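Novice: Marked as transmembrane segment by TrEMBL: 50-72, 84-108, 153-175, 187-207, 227-250, 262-284.
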Amino acid sequence: MRYFIFSNLVYKETSKKKRRLYINNITLPTSLASWTLFSMKSSKKRNIGIFFSVFIQIVLAIFFITDIVLTLMKHHSFGTKAIFGYTIAKILILTFLTIINFMIVLPITNKLLAKNDDLKNNQKSSLAKHLYDVIQNKKEMSKLIWTNTWINAIWYSLYFLIFGLTFMLLIPGLGYPVLPGVWANNIIIAFAGASLIKMFLFDNILVPFAFSKEANKYIKCNNVANYLWIILTLAFYFLILIILEIAVYLNIISGWTDMLTITVLFPIIFALMYLAKAMIIIAANKENKNKNVYLAAFLVIPCYEK
């Protein structure tokens, strides 16, 4: 047997035709790292990891709420220097928190997962137990964790790009109530609101909950397909709204055409994405089709991961 090591991934060649993906070190979103640490026995390192992971999430939530409040109250009422200072401080703080996550939270999480007798002897299902089995017993990692990790990486990278809109609002003639300022405000509010929902509902409730019990009737790709369906549908809506706002501003289309496009296009996108996720679930379970598979495909029913 040969091993191929690239960064934190280990490919174990079991045959010439098949390679399975295993993990050497795990990269997790801060929310999943905190839930992993919560499932472990109390210790100094574990408590430090929990403190920083929860602290990072609290700071992010405060920033999202502040973004919404400042935007609703209109940036210009606070003064250009104040908003500029707030945005620069936010960039520096978020960069510092990212460093903390990669230098403190993740190393602590990986070290405790690598040496944890409690998880070794514990038969109770949890996110920490799943990750322990991934590292120690070479179990294949859940695709839900991979999906959540990549979506978070892309999501918060976009958050840094949105800072540019804040700076744009400070430019005379572009800020509120001029139209570019209006749609920039809408983008900031929509992104911050969606981020709060994603953080609390998906990252801290639904994803960890999927590992709280052993799956008796596991349905492949169910959680991943439903998760991507919701996130990608919102992303398409978000993108279309931006394009339409710009088109109205450039007088390419009228306000009525804008409303008509939204009324017609949004249900079509919803239906197409819904059918796509249903077909993915059915195709992934083609060798074991039953009523549970069809229920999971055409309804949004989370299931436990194995």
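A Cβ is built for glycine as well, from the same backbone N, Cα and C atoms used for every other residue.
TrEMBL annotations: computationally assigned, not manually curated.
Walk me through where these features lie, including what they touch and how far apart they are.
Specialist: Here the transmembrane segment (50-72) has Cβ contacts under 8 Å with residues 30-31, 33-34, 37-38, 78, 83, 86, 90, 93-94, 97, 100-101, 104-105, 185, 188-189, 192-193, 195-196, 199, 204 of the same chain, all six or more residues outside its ends.
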Novice: Quick test of the contact rule: Cβ under 8 Å, at least six residues beyond the ends. What residues does that give for the transmembrane segment (262-284)?
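Specialist: Residues packing against the transmembrane segment (262-284) from afar: 219-222, 225-226, 228-229, 232-233, 236-237, 240-241, 244, 293-294, 296-298.
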